[in-house]
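*Asks:* Okay, handing you the structure first.
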């Protein structure tokens, strides 16, 4: 890329646009960060999933170098450990805080960081914005391990064993290009990282980060970012992008150009059901990765346990000082998903802090009937907890609670007679309709400018699992306090879908070293399926939480990737000059 980044005024930028030899002037933009089971769900050859020593019977990514432009990597994680069976391919390594030269260990064959853009825009926080390839957030480690994490790594969270994790291409090598920081991320640093990855000669480039918005001027697929991707493609590097998490609204993809593979996200048939058992025997379903309470305990509605001398609201369980400690200790407390959660001022982290401080036995965050249902994802809790997102279920719980609560003439509770128990929420269940296109996954059609003028380019290109994916995590977890201290996390996003395609592409590249980016992409697209595990057309989630609708190419592109078929497609398509 023959270019540079510079501070200018709008008038200076206008003059630069008219200068001889200047092709394009574009305002810098922010950047957004867009597994134990998914290899089996997709049908990745078993020896690719679990091999630790080199095998010749099936592809495993051996010798393929994947470049990851993201938030860095945690080199101490077992998903990225060096195996004696690896050929030592170390290429380059930039050291820095928490990242000595020994971090490039043969599995991680290269590591660089790019921060000039971020430092020009904001003052970075040295306690979290490490000027090194180290991942302080977890996102980059998560993405890298989905694509190329070592096989057979045990997943433990809060002492519970969830299974074994493996990347799609467990013996592929990792080249790290950190360009995303907790305080600030810019497209300048991402483009610099892409440019360097091309110079370094990686085989495949993973982009689970991307621009927050289309460029202010010009065509989306001729922005500086997309030209950088084109340069990589022309150099023989397959570029895989996350299409974004702005679904299910139409024309929300942030992967624009035909020379990259834009990946949409789906779920799998694995779910983590949890339950709340009421004293009358009624069981209410929900989600929450926590252990059970085993026995029935006193049930307390948060707003009925308010500290009478306090001024803080208690119904959302955000402040320990809002409660009378004697009322909530050793109880299961019902917290309400109300206005604070809708406007972002309330959090699960605050509930857990309150519950831990006041020694709740457990908590249930229930939908407030006045605000309707909410979308709940399974999150690991250090104490028994459950999310109940259905307002009708909440009404049933509240009906039981009111029938078993005695109040005085002033409306104050005089006796809590209701009981409840939180069930086991960490054991997976299988067999639901799958896959379905995830609600958050950005949709086509592709568009060519800020006005969303439709472009004659099909996006997304393909579908892969991206909902509730277990993968490596950084214990520092500076932007996700709920996951602090964990080595693994269950995450959702097209950021998780894209590395599945990256890893599968590495398997294809290993088997067919001479294939160009377009040939690899066509092998996956032409063998993808539009049908779910029951033989029916894949469904998609929409704005209505309780309904699915038939998917279209603007939801899933060519369909769900089928790795085994893609390894032997029978027919591939080169792309002429830009192979």
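Glycine residues also receive a Cβ, built from the backbone N, Cα and C atoms like all the rest.
According to TrEMBL, the protein carries these features:
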- 70: active site, charge relay system (ACT_SITE)
- 139: active site, charge relay system (ACT_SITE)
- 495: active site, charge relay system (ACT_SITE)
- 1-32: domain 'Inhibitor I9' (DOMAIN)
- 61-534: domain 'Peptidase S8/S53' (DOMAIN)
*Asks:* Reported as an integer number of Å, what is the Cα distance between residue 495 (active site, charge relay system) and residue 139 (active site, charge relay system)?
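*Replies:* With the alpha carbons as reference points, the distance is 8 Å.
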*Asks:* Which numbers of helix, strand and coil residues does DSSP report for the domain 'Inhibitor I9' (1-32)?
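*Replies:* Tallying H, G and I as helix, E and B as strand, the rest coil: 9 helix, 3 strand, 20 coil.
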*Asks:* Would you kindly give the Cα-Cα distance separating residue 70 (active site, charge relay system) and residue 139 (active site, charge relay system), rounded to the nearest Å?
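*Replies:* Spelling it out, the Cα of residue 139 (active site, charge relay system) and the Cα of residue 70 (active site, charge relay system) are 7 Å apart.
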